[in-house]
Amino acid sequence: MPFYGGEELATVYDEALDEGFGLIASNIAEPNIMMGLMEGADRMDSDLLLQMSGGACRFAGDGDAVAGLKAMGNYIETIAERYDIGVFLNMDHQTDLEFIEQQIELDIPSSIMIDASHEPFDENVATSREVVEMVEAAGSDVLIEAELGQIKGVEDEIEAEEAFYTDPEQAVEFVDKTGADLLAISVGTQHGVAKGKDLELRPDLANDIRQALRDHGLDTPLVLHGSSGVQPDQLQEMLKHGICKVNKDTRYQYEYTRTAYDRYNEEPNAIVPPEGVADARDTFFNETDWSPNKDVFDPRVAGRDIRERIADVHADLTEVSGSAGQSLFK
C-alpha cells in the first residue's frame with residue numbers, strides 16, 4: 001500500500017476513537033527497526049505509524065536533518081509498497097520551526113508533533129498555533145499534534161526534570177486556541193527507561209480531559225508519550241479514555257541492542273581473538289593463525305535477528321493496544 005498522508009491518518013484516529021483501540025507510534029532510530037516494524041504490523045493486519053525525531057533525521061542525513069528526512073521518506077515509501085497496510089510517518093518532538101516549515105513543504109510527513117510544552121502556557125499556545133497556521137497556509141493535510149503538560153525524562157535531547165500533569169480545563173482552552181488535531185497529555189508516564197510499577201499513572205485524569213473536551217464539542221484524539229515502561233494492563237486502562245496514539249521508542253532501542261548483543265555473545269571467538277592472539281585489526285589478522293568468521297560478523301546476520309525481534313515486539317504491542325486486525329487499508 002502507499003505511504004499515506006494526514007487525511008487518511010485522520011480516518012484511522014476516528015476509527016480508533018470509535019472502536020477503543022490505540023495506534024502504536026513507533027520511532028525509527030535505525031532502518032532495521034523500520035523493517036521489523038513493517039513486518040510486525042503487516043503480520044497483525046494493523047496500520048503502522050512510524051515516527052522520526054529531529055535527532056533521527058540528523059543521524060540519517062549525516063548531520064543534515066532535511067537530507068535525512070528525504071532519504072528516509074523515500075525509503076519508507078518504497079518499502080511500504082510491499083505491504084497491505086496503511087503506513088504513516090509522524091515527526092516526533094519537533095521544536096525547530098524552520099525545520100517544521102521544510103517538512104510541510106516537502107510533503108513527506110503524515111503528521112507533525114510540535115513540542116512547546118516546556119514553554120509557559122501562552123507561549124505554548126502561540127507556537128503551536130503558528131505551526132497549525134503553517135499547514136493551513138500551505139493547503140496541506142498534515143495533522144498537527146501538540147503537547148500540554150510536561151512529561152519527565154529525556155527524549156531526543158529534550159530533558160524535563162519534573163512532570164506537570166495536564167489540567168482538563170486548560171486542555172480545552174489549548175485545543176480551542178491552537179486548532180491542534182491531536183493532544184499529547186501528561187498523566188504520569190515518563191520518557192526513557194521507566195518501570196510501570198513506579199509510575200503514578202492517572203487514567204482518571206485522562207478521562208477528565210477527554211470528557212472536558214467532549215463537553216466543549218472537541219472530539220480530539222489524545223496521545224500518550226513515554227509509554228515504554230507502561231505495562232499491558234496499565235495501557236489498556238488508559239485506552240478506555242480517549243488515548244488513541246501510544247508512543248514507543250526506548251523499548252525498540254533496547255531490543256535492537258540486546259538482540260545484537262545476544263547474537264555476538266553466542267560466538268565471541270568468531271569476532272574477537274582468543275586470549276594469546278594479537279588483536280591485529282590494522283592488518284586484518286594477516287600474521288596470526290586466527291581469523292574472524294564472516295558468517296558471524298557480517299552485520300546482516302545480526303540485522304536479520306533485529307528485524308525479527310522488532311517484528312515480534314511490535315506484533316505483541318498491536319494486540320495489547322487493540323490495533324491488530326483493524327487496518328483500514330487491507
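Cβ from N, Cα, C; glycine included.
Quick look at what Swiss-Prot annotates:
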- Ser53: D-glyceraldehyde 3-phosphate binding site (BINDING)
- Asp92: active site, proton donor (ACT_SITE)
- His93, His191, His225: Zn(2+) 1 binding site (BINDING)
- Asp115, Glu145: Zn(2+) 2 binding site (BINDING)
- Gly192, Gly226, Ser227, Ser228, Asn247, Lys248, Asp249, Thr250: dihydroxyacetone phosphate binding site (BINDING)
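On the structure: features taken from Swiss-Prot.
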residue: Ser53; record: D-glyceraldehyde 3-phosphate binding site; Cβ within 10 Å: 23
residue: Asp92; record: active site, proton donor; Cβ within 10 Å: 26
residue: Asp115; record: Zn(2+) 2 binding site; Cβ within 10 Å: 25
residue: Glu145; record: Zn(2+) 2 binding site; Cβ within 10 Å: 26
residue: His225; record: Zn(2+) 1 binding site; Cβ within 10 Å: 29
residue: Gly226; record: dihydroxyacetone phosphate binding site; Cβ within 10 Å: 26
residue: Ser227; record: dihydroxyacetone phosphate binding site; Cβ within 10 Å: 32
residue: Asn247; record: dihydroxyacetone phosphate binding site; Cβ within 10 Å: 26
residue: Lys248; record: dihydroxyacetone phosphate binding site; Cβ within 10 Å: 23
residue: Asp249; record: dihydroxyacetone phosphate binding site; Cβ within 10 Å: 26
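Taking Ser53 (D-glyceraldehyde 3-phosphate binding site) as the reference point, the binding-site residues whose C-alpha atoms are within 10 Å of its C-alpha, out of His93, Asp115, Glu145, Gly226, Lys248, Thr250, are His93. Among the recorded positions Asp92, His93, His225, Ser227, Asn247, Thr250, the ones whose Cα is located within 10 Å of the Cα of Asp115 (Zn(2+) 2 binding site) are Asp92, His93. The distance from the Cα of Ser228 (dihydroxyacetone phosphate binding site) to the Cα of Asp92 (active site, proton donor) comes to 15 Å. Each residue contributes its Cα atom, and for Ser227 (dihydroxyacetone phosphate binding site) and His93 (Zn(2+) 1 binding site) these two points are 15 Å apart. Just so you know, the Cβ of Thr250 (dihydroxyacetone phosphate binding site) picks up 22 other Cβ atoms within 10 Å once every protein chain is counted. Classification of Thr250 (dihydroxyacetone phosphate binding site) by DSSP places it within a helix. Taking Glu145 (Zn(2+) 2 binding site) as the reference point, the recorded positions whose C-alpha atoms are within 10 Å of its C-alpha, out of Asp92, His225, Gly226, Asn247, Asp249, Thr250, are Asp92. DSSP gives Asp115 (Zn(2+) 2 binding site) a coil state; it is part of no helix or strand. Residue environment of His93 (Zn(2+) 1 binding site) contains 25 other Cβ atoms, counted within 10 Å of its Cβ in all protein chains. In three-state terms derived from DSSP, His225 (Zn(2+) 1 binding site) belongs to neither a helical nor a strand segment and is classed as coil.
When the Cα atoms are compared, Thr250 (dihydroxyacetone phosphate binding site) and His225 (Zn(2+) 1 binding site) turn out to be 11 Å apart.
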